[in-house]
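To keep things clear, I will list the structure first and then write my remarks on it.
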Amino acid sequence: MLIKQEAIVSTALAGAIIGASVGGWINDRFGRKKAIILADTLFFIGSVVMAAAINPAILIVGRVFVGLGVGMASMASPLYISEASPTRVRGALVSLNGFLITGGQFLSYVINLAFTNAPGTWRWMLGVAALPALTQIVLMLMLPESPRWLFRKGKEEEAKQILRKIYPPQDVEDEIITLKESVEMETKDDSTSNKVSIIKLLKTKTVRRGLYAGMGLQIFQQFVGINTVMYYSPTIVQLAGFASNRTALLLSLVTAGINAFGSILSIYFIDKTGRKKLLLFSLSGVVVSLVVLTVVFHQTTTHSPMVSEIETSFFNNTCPDYRTAFDAAKWDCMKCLKASPECGFCASAGNKLLPGACLISNDTTEDQCQKEQRQWYTRGCPSQNGWLALIGLSLYILFFSPGMGTVPWVVNSEIYPLRYRGVCGGMASTSNWVSNLIVAQSFLSLTDAIGTSYTFMIFIFITVAAIVFVVVFVPETKGLPIEEVTMSSTPTGLAQPRHELHSY
(Lines of atoms letter the chains of each structure in order from A and count residues from 1; the text may use other names and numbers.)
(Lines give C-alpha, C1' and ligand atoms only; values in the text may rest on other atoms or scores of the structure.)
Protein backbone atom coordinates (compact mmCIF):
# COMPACT_ATOMS: atom_id res chain seq x y z
CA MET A 1 0.00 0.00 0.00
CA LEU A 2 2.83 2.38 0.93
CA ILE A 3 4.58 1.67 -2.39
CA LYS A 4 1.40 2.56 -4.30
CA GLN A 5 1.05 5.81 -2.35
CA GLU A 6 4.67 6.74 -3.10
CA ALA A 7 4.13 5.93 -6.79
CA ILE A 8 1.00 8.10 -6.94
CA VAL A 9 2.85 11.02 -5.36
CA SER A 10 6.13 10.71 -7.27
CA THR A 11 4.56 10.25 -10.73
CA ALA A 12 3.11 13.77 -10.58
CA LEU A 13 6.60 15.16 -9.89
CA ALA A 14 8.06 13.04 -12.68
CA GLY A 15 5.37 14.36 -15.03
CA ALA A 16 6.17 17.93 -13.95
CA ILE A 17 9.85 17.39 -14.75
CA ILE A 18 8.99 16.18 -18.26
CA GLY A 19 6.44 18.96 -18.75
CA ALA A 20 8.92 21.65 -17.71
CA SER A 21 11.72 20.23 -19.86
CA VAL A 22 9.66 20.05 -23.07
CA GLY A 23 7.68 23.17 -22.22
CA GLY A 24 10.60 25.44 -23.06
CA TRP A 25 10.82 24.11 -26.61
CA ILE A 26 7.03 24.29 -27.05
CA ASN A 27 7.04 27.92 -25.84
CA ASP A 28 9.67 28.95 -28.35
CA ARG A 29 8.26 26.91 -31.21
CA PHE A 30 4.51 27.48 -30.92
CA GLY A 31 4.18 30.49 -28.62
CA ARG A 32 3.41 31.22 -24.98
CA LYS A 33 -0.36 31.23 -25.47
CA LYS A 34 -0.54 27.81 -27.10
CA ALA A 35 1.80 26.36 -24.47
CA ILE A 36 -0.48 27.52 -21.66
CA ILE A 37 -3.58 26.17 -23.42
CA LEU A 38 -1.82 22.83 -23.89
CA ALA A 39 -0.86 22.78 -20.20
CA ASP A 40 -4.47 23.50 -19.20
CA THR A 41 -5.70 20.74 -21.49
CA LEU A 42 -3.31 18.19 -19.99
CA PHE A 43 -4.34 19.22 -16.48
CA PHE A 44 -8.03 18.98 -17.40
CA ILE A 45 -7.59 15.48 -18.85
CA GLY A 46 -5.59 14.37 -15.80
CA SER A 47 -8.22 15.63 -13.35
CA VAL A 48 -11.03 13.85 -15.18
CA VAL A 49 -9.02 10.60 -15.39
CA MET A 50 -8.21 10.69 -11.66
CA ALA A 51 -11.81 11.38 -10.68
CA ALA A 52 -13.01 8.45 -12.81
CA ALA A 53 -10.19 6.05 -11.84
CA ILE A 54 -11.29 2.52 -11.02
CA ASN A 55 -7.87 1.31 -9.84
CA PRO A 56 -4.48 2.75 -8.75
CA ALA A 57 -2.94 2.29 -12.20
CA ILE A 58 -5.47 4.64 -13.82
CA LEU A 59 -5.05 7.08 -10.94
CA ILE A 60 -1.30 7.13 -11.63
CA VAL A 61 -1.95 7.81 -15.34
CA GLY A 62 -4.10 10.78 -14.34
CA ARG A 63 -1.35 12.05 -12.03
CA VAL A 64 1.13 11.91 -14.91
CA PHE A 65 -1.13 14.09 -17.07
CA VAL A 66 -1.61 16.55 -14.21
CA GLY A 67 2.15 16.63 -13.62
CA LEU A 68 2.82 17.33 -17.29
CA GLY A 69 0.38 20.24 -17.21
CA VAL A 70 1.73 21.68 -13.96
CA GLY A 71 5.35 21.44 -15.13
CA MET A 72 4.59 23.12 -18.44
CA ALA A 73 2.49 25.87 -16.89
CA SER A 74 5.05 26.54 -14.14
CA MET A 75 7.39 28.19 -16.63
CA ALA A 76 4.97 29.24 -19.40
CA SER A 77 2.66 31.35 -17.24
CA PRO A 78 5.33 33.62 -15.65
CA LEU A 79 6.98 33.99 -19.05
CA TYR A 80 3.76 35.04 -20.76
CA ILE A 81 2.85 37.48 -18.00
CA SER A 82 6.33 39.01 -18.00
CA GLU A 83 6.41 39.54 -21.76
CA ALA A 84 2.91 41.02 -21.89
CA SER A 85 3.31 43.40 -18.92
CA PRO A 86 4.40 47.06 -18.68
CA THR A 87 7.86 47.43 -17.14
CA ARG A 88 6.77 49.29 -14.00
CA VAL A 89 4.38 46.53 -12.87
CA ARG A 90 6.02 43.49 -14.45
CA GLY A 91 7.31 42.07 -11.17
CA ALA A 92 4.01 42.66 -9.40
CA LEU A 93 2.01 40.89 -12.11
CA VAL A 94 4.30 37.86 -12.13
CA SER A 95 4.07 37.83 -8.32
CA LEU A 96 0.28 37.97 -8.68
CA ASN A 97 0.57 34.64 -10.47
CA GLY A 98 2.29 33.29 -7.36
CA PHE A 99 -0.44 34.70 -5.13
CA LEU A 100 -3.14 33.02 -7.22
CA ILE A 101 -1.26 29.72 -6.85
CA THR A 102 -0.96 30.02 -3.07
CA GLY A 103 -4.50 31.37 -2.85
CA GLY A 104 -5.62 28.37 -4.85
CA GLN A 105 -3.86 26.08 -2.40
CA PHE A 106 -5.75 27.74 0.46
CA LEU A 107 -9.01 27.36 -1.46
CA SER A 108 -8.25 23.69 -2.10
CA TYR A 109 -7.95 23.09 1.66
CA VAL A 110 -11.38 24.68 2.13
CA ILE A 111 -12.89 22.64 -0.70
CA ASN A 112 -11.36 19.40 0.58
CA LEU A 113 -12.70 20.15 4.05
CA ALA A 114 -16.16 20.72 2.56
CA PHE A 115 -16.03 17.41 0.69
CA THR A 116 -14.92 15.31 3.68
CA ASN A 117 -18.50 14.19 4.37
CA ALA A 118 -19.61 13.87 0.75
CA PRO A 119 -20.08 10.46 -0.94
CA GLY A 120 -17.04 9.56 -3.05
CA THR A 121 -14.98 12.23 -1.24
CA TRP A 122 -11.67 11.78 -3.02
CA ARG A 123 -13.27 11.73 -6.50
CA TRP A 124 -14.85 15.13 -5.87
CA MET A 125 -11.57 16.49 -4.51
CA LEU A 126 -9.66 15.41 -7.60
CA GLY A 127 -12.34 16.06 -10.20
CA VAL A 128 -13.21 19.62 -9.16
CA ALA A 129 -9.70 20.67 -10.27
CA ALA A 130 -10.83 20.26 -13.88
CA LEU A 131 -13.09 23.33 -13.62
CA PRO A 132 -10.39 26.03 -13.27
CA ALA A 133 -8.36 24.37 -16.04
CA LEU A 134 -11.37 24.47 -18.38
CA THR A 135 -12.07 28.08 -17.39
CA GLN A 136 -8.52 29.14 -18.19
CA ILE A 137 -8.64 27.41 -21.59
CA VAL A 138 -11.67 29.51 -22.52
CA LEU A 139 -10.12 32.73 -21.19
CA MET A 140 -6.76 32.13 -22.90
CA LEU A 141 -8.51 31.82 -26.25
CA MET A 142 -9.60 35.44 -25.80
CA LEU A 143 -6.12 36.75 -24.95
CA PRO A 144 -3.39 37.79 -27.42
CA GLU A 145 -0.08 36.07 -27.98
CA SER A 146 3.06 37.47 -26.35
CA PRO A 147 4.09 40.53 -28.41
CA ARG A 148 7.76 39.71 -27.90
CA TRP A 149 7.35 36.19 -29.25
CA LEU A 150 5.44 37.59 -32.25
CA PHE A 151 8.25 40.06 -32.92
CA ARG A 152 10.77 37.23 -32.80
CA LYS A 153 8.71 35.30 -35.36
CA GLY A 154 8.53 38.26 -37.75
CA LYS A 155 4.90 39.18 -37.03
CA GLU A 156 5.76 42.80 -36.27
CA GLU A 157 2.44 44.45 -37.11
CA GLU A 158 0.46 42.09 -34.88
CA ALA A 159 3.00 42.61 -32.09
CA LYS A 160 2.84 46.40 -32.43
CA GLN A 161 -0.95 46.38 -32.11
CA ILE A 162 -0.69 44.43 -28.86
CA LEU A 163 2.09 46.67 -27.49
CA ARG A 164 -0.05 49.75 -28.17
CA LYS A 165 -2.72 48.25 -25.92
CA ILE A 166 -0.22 47.53 -23.14
CA TYR A 167 1.88 50.70 -23.02
CA PRO A 168 0.80 54.36 -22.79
CA PRO A 169 1.12 56.33 -26.07
CA GLN A 170 4.22 58.23 -24.91
CA ASP A 171 6.11 54.97 -24.18
CA VAL A 172 4.97 52.56 -26.85
CA GLU A 173 7.20 53.79 -29.72
CA ASP A 174 10.33 53.58 -27.57
CA GLU A 175 9.32 50.07 -26.54
CA ILE A 176 8.82 49.01 -30.17
CA ILE A 177 12.19 50.46 -31.22
CA THR A 178 14.02 48.79 -28.33
CA LEU A 179 12.34 45.46 -29.01
CA LYS A 180 13.15 45.65 -32.71
CA GLU A 181 16.81 46.41 -31.99
CA SER A 182 16.98 43.51 -29.54
CA VAL A 183 15.58 41.04 -32.06
CA GLU A 184 17.88 42.31 -34.81
CA MET A 185 20.92 41.89 -32.56
CA GLU A 186 19.96 38.34 -31.64
CA THR A 187 19.41 37.25 -35.23
CA LYS A 188 22.24 39.19 -36.85
CA ASP A 189 24.70 36.29 -36.83
CA ASP A 190 22.15 33.63 -37.78
CA SER A 191 19.59 35.22 -40.08
CA THR A 192 19.01 32.01 -42.05
CA SER A 193 17.87 29.89 -39.13
CA ASN A 194 15.44 30.23 -36.26
CA LYS A 195 16.59 27.06 -34.57
CA VAL A 196 17.93 27.27 -31.05
CA SER A 197 21.27 25.57 -30.60
CA ILE A 198 21.62 24.17 -27.07
CA ILE A 199 25.34 23.63 -27.62
CA LYS A 200 25.77 27.24 -28.71
CA LEU A 201 23.72 28.36 -25.73
CA LEU A 202 25.90 26.49 -23.26
CA LYS A 203 29.11 27.71 -24.91
CA THR A 204 28.06 31.34 -24.64
CA LYS A 205 29.57 32.67 -21.42
CA THR A 206 26.93 35.29 -20.72
CA VAL A 207 24.07 32.83 -21.31
CA ARG A 208 25.69 30.41 -18.87
CA ARG A 209 25.79 33.20 -16.29
CA GLY A 210 22.06 33.70 -16.72
CA LEU A 211 21.48 29.98 -16.25
CA TYR A 212 23.68 30.06 -13.13
CA ALA A 213 21.38 32.71 -11.66
CA GLY A 214 18.08 31.26 -12.89
CA MET A 215 18.72 27.58 -12.22
CA GLY A 216 20.50 28.33 -8.98
CA LEU A 217 17.52 30.22 -7.60
CA GLN A 218 15.15 27.40 -8.56
CA ILE A 219 17.37 24.77 -6.93
CA PHE A 220 17.81 26.78 -3.73
CA GLN A 221 14.06 27.40 -3.61
CA GLN A 222 13.60 23.70 -2.93
CA PHE A 223 16.76 22.98 -0.95
CA VAL A 224 16.15 25.59 1.74
CA GLY A 225 13.56 23.12 3.00
CA ILE A 226 10.13 24.44 2.05
CA ASN A 227 8.66 21.00 1.33
CA THR A 228 10.21 19.56 4.48
CA VAL A 229 8.72 22.33 6.61
CA MET A 230 5.33 21.86 4.96
CA TYR A 231 5.57 18.08 5.40
CA TYR A 232 6.37 18.46 9.09
CA SER A 233 3.54 20.93 9.72
CA PRO A 234 1.35 18.21 11.36
CA THR A 235 4.31 17.28 13.58
CA ILE A 236 4.88 20.93 14.45
CA VAL A 237 1.20 21.28 15.30
CA GLN A 238 1.50 18.27 17.62
CA LEU A 239 4.62 19.75 19.21
CA ALA A 240 2.57 22.81 20.04
CA GLY A 241 0.13 20.59 21.93
CA PHE A 242 -2.60 20.27 19.29
CA ALA A 243 -2.85 16.50 18.92
CA SER A 244 -6.28 16.42 17.25
CA ASN A 245 -6.20 15.61 13.53
CA ARG A 246 -9.11 17.96 12.90
CA THR A 247 -7.30 20.75 14.71
CA ALA A 248 -4.22 20.02 12.62
CA LEU A 249 -6.30 20.30 9.45
CA LEU A 250 -7.77 23.61 10.57
CA LEU A 251 -4.33 24.95 11.42
CA SER A 252 -3.14 23.86 7.98
CA LEU A 253 -5.68 26.36 6.66
CA VAL A 254 -3.89 29.03 8.67
CA THR A 255 -0.58 27.90 7.19
CA ALA A 256 -1.96 28.11 3.66
CA GLY A 257 -3.43 31.53 4.47
CA ILE A 258 -0.03 32.81 5.63
CA ASN A 259 1.47 31.49 2.40
CA ALA A 260 -1.09 33.43 0.36
CA PHE A 261 -0.56 36.56 2.47
CA GLY A 262 3.19 36.35 1.82
CA SER A 263 2.47 36.35 -1.92
CA ILE A 264 0.47 39.56 -1.47
CA LEU A 265 3.51 41.15 0.20
CA SER A 266 5.56 40.14 -2.84
CA ILE A 267 3.12 41.92 -5.18
CA TYR A 268 3.51 45.11 -3.16
CA PHE A 269 7.27 45.11 -2.57
CA ILE A 270 8.88 43.44 -5.60
CA ASP A 271 8.77 46.51 -7.86
CA LYS A 272 9.57 48.85 -4.97
CA THR A 273 12.50 47.18 -3.22
CA GLY A 274 13.73 45.11 -6.15
CA ARG A 275 14.20 41.40 -6.69
CA LYS A 276 17.61 41.06 -5.06
CA LYS A 277 16.81 42.88 -1.81
CA LEU A 278 13.58 40.94 -1.45
CA LEU A 279 15.46 37.66 -1.92
CA LEU A 280 18.06 38.58 0.70
CA PHE A 281 15.41 39.70 3.19
CA SER A 282 13.45 36.50 2.56
CA LEU A 283 16.45 34.20 3.03
CA SER A 284 17.59 36.02 6.18
CA GLY A 285 14.15 35.48 7.71
CA VAL A 286 14.21 31.82 6.65
CA VAL A 287 17.50 31.37 8.54
CA VAL A 288 15.98 32.80 11.73
CA SER A 289 12.90 30.61 11.35
CA LEU A 290 14.96 27.46 10.78
CA VAL A 291 17.03 28.24 13.89
CA VAL A 292 13.81 28.40 15.94
CA LEU A 293 12.58 25.09 14.49
CA THR A 294 15.99 23.43 15.04
CA VAL A 295 16.08 24.48 18.70
CA VAL A 296 12.49 23.36 19.33
CA PHE A 297 12.98 19.96 17.69
CA HIS A 298 16.23 19.44 19.61
CA GLN A 299 14.56 20.37 22.89
CA THR A 300 11.65 18.04 22.17
CA THR A 301 13.96 15.17 21.30
CA THR A 302 16.07 15.51 24.44
CA HIS A 303 13.32 16.52 26.91
CA SER A 304 10.23 14.55 25.90
CA PRO A 305 7.98 13.03 28.63
CA MET A 306 9.03 9.67 30.03
CA VAL A 307 7.09 6.45 29.47
CA SER A 308 5.49 5.10 32.65
CA GLU A 309 5.09 1.34 33.07
CA ILE A 310 2.06 1.94 35.30
CA GLU A 311 0.40 4.29 32.79
CA THR A 312 1.11 1.86 29.96
CA SER A 313 -0.27 -1.19 31.73
CA PHE A 314 -3.50 0.71 32.46
CA PHE A 315 -4.56 0.36 28.79
CA ASN A 316 -3.61 -3.30 28.33
CA ASN A 317 -2.42 -2.85 24.73
CA THR A 318 1.26 -2.06 25.15
CA CYS A 319 3.51 -1.40 22.18
CA PRO A 320 5.35 -4.71 21.50
CA ASP A 321 8.75 -2.99 21.23
CA TYR A 322 8.32 -1.42 24.66
CA ARG A 323 7.17 -4.70 26.21
CA THR A 324 10.30 -6.54 25.03
CA ALA A 325 12.82 -3.74 25.62
CA PHE A 326 15.62 -4.35 28.14
CA ASP A 327 15.90 -0.63 28.95
CA ALA A 328 12.17 0.13 29.11
CA ALA A 329 12.67 2.21 32.26
CA LYS A 330 14.71 4.71 30.22
CA TRP A 331 12.16 5.08 27.44
CA ASP A 332 10.64 8.46 26.76
CA CYS A 333 7.99 9.56 24.26
CA MET A 334 10.50 10.07 21.44
CA LYS A 335 12.03 6.62 21.98
CA CYS A 336 8.52 5.16 21.84
CA LEU A 337 7.62 6.84 18.54
CA LYS A 338 10.96 6.01 16.93
CA ALA A 339 10.84 2.37 18.00
CA SER A 340 8.22 1.47 15.41
CA PRO A 341 5.45 3.00 13.27
CA GLU A 342 3.15 0.72 15.28
CA CYS A 343 3.83 2.70 18.49
CA GLY A 344 2.05 5.80 19.74
CA PHE A 345 2.21 7.90 22.91
CA CYS A 346 -0.78 8.59 25.13
CA ALA A 347 -0.01 11.64 27.25
CA SER A 348 -0.76 11.84 30.95
CA ALA A 349 -4.19 13.15 31.92
CA GLY A 350 -4.17 16.73 33.17
CA ASN A 351 -0.50 17.44 32.44
CA LYS A 352 0.84 16.18 29.11
CA LEU A 353 4.45 16.71 30.26
CA LEU A 354 4.19 14.01 32.93
CA PRO A 355 5.03 10.34 32.12
CA GLY A 356 2.55 8.72 29.75
CA ALA A 357 1.89 5.40 28.01
CA CYS A 358 3.58 3.74 25.01
CA LEU A 359 0.83 1.87 23.19
CA ILE A 360 -0.02 0.13 19.93
CA SER A 361 -0.91 2.76 17.36
CA ASN A 362 -4.37 2.14 15.92
CA ASP A 363 -7.82 3.72 15.92
CA THR A 364 -9.01 1.68 18.89
CA THR A 365 -6.10 2.76 21.06
CA GLU A 366 -6.50 6.38 20.01
CA ASP A 367 -10.18 6.31 21.01
CA GLN A 368 -9.34 4.74 24.39
CA CYS A 369 -6.68 7.36 25.04
CA GLN A 370 -8.92 10.27 24.17
CA LYS A 371 -11.83 8.88 26.25
CA GLU A 372 -9.54 9.24 29.26
CA GLN A 373 -9.21 12.96 28.46
CA ARG A 374 -5.65 12.43 27.21
CA GLN A 375 -3.91 13.53 24.01
CA TRP A 376 -2.67 11.00 21.45
CA TYR A 377 0.67 11.52 19.68
CA THR A 378 2.08 9.58 16.73
CA ARG A 379 4.41 12.12 15.03
CA GLY A 380 5.73 14.46 17.66
CA CYS A 381 5.88 14.57 21.45
CA PRO A 382 4.42 17.03 23.98
CA SER A 383 6.67 19.98 24.77
CA GLN A 384 6.39 22.99 27.06
CA ASN A 385 7.96 25.12 24.33
CA GLY A 386 5.84 23.71 21.52
CA TRP A 387 4.21 27.08 20.85
CA LEU A 388 7.61 28.25 19.58
CA ALA A 389 7.31 25.62 16.83
CA LEU A 390 4.13 27.28 15.55
CA ILE A 391 5.90 30.64 15.58
CA GLY A 392 8.86 29.15 13.70
CA LEU A 393 6.57 27.55 11.12
CA SER A 394 4.57 30.74 10.62
CA LEU A 395 7.69 32.90 10.33
CA TYR A 396 9.27 30.49 7.86
CA ILE A 397 6.30 30.62 5.50
CA LEU A 398 5.83 34.37 5.98
CA PHE A 399 9.47 35.06 5.04
CA PHE A 400 9.76 32.39 2.33
CA SER A 401 6.60 33.19 0.39
CA PRO A 402 7.20 36.82 -0.72
CA GLY A 403 10.85 36.26 -1.61
CA MET A 404 12.04 32.74 -2.41
CA GLY A 405 8.49 31.65 -3.12
CA THR A 406 7.90 34.04 -6.04
CA VAL A 407 11.09 35.92 -7.02
CA PRO A 408 12.86 32.93 -8.71
CA TRP A 409 9.96 32.72 -11.18
CA VAL A 410 10.03 36.48 -11.76
CA VAL A 411 13.79 36.56 -12.38
CA ASN A 412 13.63 33.58 -14.73
CA SER A 413 10.97 35.33 -16.79
CA GLU A 414 13.23 38.37 -17.26
CA ILE A 415 16.93 37.56 -17.54
CA TYR A 416 17.19 35.46 -20.72
CA PRO A 417 17.50 36.78 -24.26
CA LEU A 418 14.32 36.49 -26.30
CA ARG A 419 15.93 33.92 -28.58
CA TYR A 420 16.58 31.53 -25.67
CA ARG A 421 13.88 32.60 -23.23
CA GLY A 422 11.67 29.54 -23.56
CA VAL A 423 14.50 26.99 -23.55
CA CYS A 424 16.38 28.59 -20.64
CA GLY A 425 13.16 29.06 -18.69
CA GLY A 426 12.33 25.41 -19.28
CA MET A 427 15.77 24.32 -18.06
CA ALA A 428 15.40 26.41 -14.90
CA SER A 429 11.89 25.10 -14.26
CA THR A 430 13.08 21.53 -14.78
CA SER A 431 15.83 22.06 -12.20
CA ASN A 432 13.15 23.20 -9.75
CA TRP A 433 11.04 20.07 -10.19
CA VAL A 434 14.07 17.76 -10.10
CA SER A 435 15.17 19.40 -6.84
CA ASN A 436 11.64 19.03 -5.52
CA LEU A 437 11.73 15.31 -6.26
CA ILE A 438 15.18 14.87 -4.67
CA VAL A 439 14.15 16.61 -1.46
CA ALA A 440 10.83 14.76 -1.29
CA GLN A 441 12.50 11.37 -1.72
CA SER A 442 15.49 11.91 0.57
CA PHE A 443 14.58 13.95 3.61
CA LEU A 444 12.78 11.11 5.44
CA SER A 445 15.89 8.96 5.16
CA LEU A 446 17.95 11.92 6.33
CA THR A 447 15.81 12.48 9.41
CA ASP A 448 15.96 8.79 10.26
CA ALA A 449 19.74 8.85 9.95
CA ILE A 450 20.65 12.06 11.81
CA GLY A 451 17.43 13.26 13.45
CA THR A 452 14.99 16.07 12.71
CA SER A 453 16.87 18.88 14.46
CA TYR A 454 20.11 18.17 12.59
CA THR A 455 18.18 17.96 9.32
CA PHE A 456 16.89 21.49 9.89
CA MET A 457 20.42 22.54 10.80
CA ILE A 458 21.58 21.38 7.36
CA PHE A 459 18.86 23.55 5.82
CA ILE A 460 20.27 26.51 7.77
CA PHE A 461 23.69 26.02 6.14
CA ILE A 462 22.08 25.65 2.71
CA THR A 463 20.11 28.88 3.24
CA VAL A 464 23.28 30.75 4.21
CA ALA A 465 24.87 29.43 1.01
CA ALA A 466 21.81 30.70 -0.89
CA ILE A 467 22.37 34.20 0.54
CA VAL A 468 25.95 34.18 -0.71
CA PHE A 469 24.74 32.90 -4.09
CA VAL A 470 22.21 35.72 -4.47
CA VAL A 471 24.80 38.36 -3.58
CA VAL A 472 27.30 37.02 -6.13
CA PHE A 473 25.24 35.72 -9.04
CA VAL A 474 21.78 37.31 -9.15
CA PRO A 475 21.43 40.67 -10.99
CA GLU A 476 18.86 43.32 -10.10
CA THR A 477 16.24 43.70 -12.83
CA LYS A 478 13.84 46.10 -11.11
CA GLY A 479 12.52 48.82 -13.42
CA LEU A 480 14.45 47.67 -16.49
CA PRO A 481 12.62 46.99 -19.76
CA ILE A 482 13.01 43.33 -20.71
CA GLU A 483 14.98 44.31 -23.79
CA GLU A 484 17.45 46.27 -21.65
CA VAL A 485 17.66 43.41 -19.17
CA THR A 486 18.48 41.07 -22.02
CA MET A 487 20.73 43.48 -23.91
CA SER A 488 24.16 42.03 -24.64
CA SER A 489 27.36 42.81 -26.43
CA THR A 490 27.09 39.64 -28.53
CA PRO A 491 24.23 38.64 -30.83
CA THR A 492 23.30 35.56 -28.82
CA GLY A 493 24.32 36.93 -25.47
CA LEU A 494 22.56 36.80 -22.21
CA ALA A 495 20.50 39.03 -20.25
CA GLN A 496 22.79 41.81 -19.13
CA PRO A 497 21.46 44.82 -17.27
CA ARG A 498 23.70 47.66 -18.44
CA HIS A 499 24.48 48.82 -14.92
CA GLU A 500 24.43 45.42 -13.21
CA LEU A 501 26.25 42.81 -15.28
CA HIS A 502 29.60 43.64 -13.70
CA SER A 503 28.24 42.31 -10.40
CA TYR A 504 28.45 38.77 -11.77
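The backbone N, Cα and C atoms fix where each Cβ goes, glycine too.
From a predicted model like this one, the values you see are computed outputs, not experimental measurements.
If you look up TrEMBL, you'll see 1-478 marked as domain 'Major facilitator superfamily (MFS) profile'. Summarising the annotation, TrEMBL assigns transmembrane segment to 6-26, 35-54, 60-81, 93-115, 121-143, 210-233, 248-271, 278-297, 387-411, 423-444, 456-474.
Highest Cβ contact count with the transmembrane segment (121-143) among the listed stretches 6-26, 35-54, 423-444 falls to 35-54 (criterion: pairs under 8 Å).
As a quick check, the transmembrane segment (248-271) and the transmembrane segment (456-474) miss the bar of 3 or more Cβ pairs under 8 A, pairs 6 or more apart, so the two do not touch. No contact links the transmembrane segment (93-115) to the transmembrane segment (210-233), because fewer than 3 Cβ pairs that are 6 or more residues apart lie under 8 A.
Among the listed stretches 6-26, 35-54, 210-233, 456-474, the one sharing the most Cβ pairs under 8 Å with the transmembrane segment (423-444) is 210-233. When each of 6-26, 60-81, 278-297, 456-474 is checked for Cβ pairs under 8 Å to the transmembrane segment (35-54), 60-81 comes out on top. Between the transmembrane segment (456-474) and the stretches 6-26, 60-81, 210-233, 387-411, Cβ pairs under 8 Å are most numerous for 210-233. Beyond its flanks by at least six residues, the transmembrane segment (387-411) meets 74, 78, 82, 90-91, 94-95, 97-99, 102, 213-214, 217-218, 220-221, 224, 226, 229, 233, 236-237, 239-241, 251, 254-255, 258-263, 265-266, 269-270, 275, 278-286, 288-290, 292-293, 295-297, 428, 432, 466, 474, 477 of its own chain at Cβ-Cβ distances under 8 Å. Beyond its flanks by at least six residues, the transmembrane segment (60-81) meets 7-8, 11-24, 26-27, 32-33, 35-36, 38-51, 53, 90, 93-94, 96-97, 126, 129, 133, 146, 409-410, 412-413, 421-422, 425-426, 428-430, 432-433 of its own chain at Cβ-Cβ distances under 8 Å. In this model, the domain 'Major facilitator superfamily (MFS) profile' (1-478) carries an average pLDDT of 85.
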